[in-house]
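Residues or ranges marked as DNA-binding region by TrEMBL: A:34-53. If you look up TrEMBL, you'll see A:11-71 marked as domain 'HTH tetR-type'.
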There are 2 protein chains.
Amino acid sequence: MSPRKSAIETAATRTRIIECALTLASAEGLEGVTIGRLATELGMSKAGVIGHFGTKEALQLATLDAAVERFRARVPVRVAGADPGVARLARAFGEWIDSMADDEGNAGCFITSVATEFDGRPGPVRDAVLAALASWAGYVAAELRAAVEAGDLPGDTDVDQLVFELNGVALAAEQAIQLHRDPAAPERARRAIDRLLGR
Amino acid sequence: MSPRKSAIETAATRTRIIECALTLASAEGLEGVTIGRLATELGMSKAGVIGHFGTKEALQLATLDAAVERFRARVPVRVAGADPGVARLARAFGEWIDSMADDEGNAGCFITSVATEFDGRPGPVRDAVLAALASWAGYVAAELRAAVEAGDLPGDTDVDQLVFELNGVALAAEQAIQLHRDPAAPERARRAIDRLLGR
DNA sequence: CCTACCGATCGGTAGG
DNA sequence: CCTACCGATCGGTAGG
């Protein structure tokens, strides 16, 4: 028997569950993460797993949240010290591209996968993905505006168009790395990003 | 009772099943297409559905095949009459982008979705997706080489890099259209394609 | 192409 | 956090 855990232990278990869900979801998609499978993988009961979240949807949202947080720590936070504008943005995309090749804990890829998986299913998960993507797009747009301001990009730059095209490069990199395991993809992506940023 | 159908009727039923599977898969993913749901949707028994394919995986492969065929008919075949090289390629991507906005029967989007859904699951479905994407990439690369040959693109064009970037624009367009329902996306995509093709 | 059925697994709950 | 259990659904088969 193992009831009556402290709040700290409870939180640690919750983290373990979410970490496991992230790993499973990377391979099988978020809908493929079943409570039973998590329980088996973690050596606990189904009730013990779902008890932390209440419903499967809450578990999915918590997992997505964790991925968003991980992406934030891995990309924007890590380049926060760089010069605003083109320099910071190039480093940010560089970090993202690097993180795609790390097989473990690819949060950016996870978010993109969930975006595709839920694009036709209205609901809280889809809404949360939209919010995460919008937040990232807002970050990129702000950096681009700073770059225009600083004169690193032409004054007539179409910022939204550039956000769109930068995103395309990232999506192409993810497909090339995840699906094709193409070792040339990171370099191609970097080259495309540099050209889009006028470097 | 409705056994002893002619071969023609049998083939027609098979087509109906696949068409329904394509519709369901566009919303729920290929793994979300269950035999029971197809049966309900089509007003037939589960045994009647699965009898046409044997296993769910065979049904998935048949559905993917149908999507590939539909994409071929919608894009490369439709622009076969255009001048080889840049002109034909621009029209091909234009057709693809147009087809993304047609809510019904978006084969290109379907293939991309399945690519993401199965990128971490080795097996025949993943192999078939890889083959379909490789075939499309080969088509694009051949047109680009023709364009270089014809002098429409610089002699030092990195064809593989360009295939990568064109693919990125298509993926960005699909995300913007399917997930964000952004009405500006087709125009953005067209502009990006034109610039990549030096038009 | 149907009815009737199989064992397995799904998300979730009751009660402790 | 566990055991024991619920109704629903899964892919698939037997037999006609």
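Any Cβ shown, glycine's included, is placed from N, Cα and C.
Sorting the DNA-binding region (A:34-53) by DSSP state (H, G, I as helix; E, B as strand; all else coil) yields 13 helix, 0 strand, 7 coil. A mean pLDDT of 98 is what the model gives for the DNA-binding region (A:34-53).
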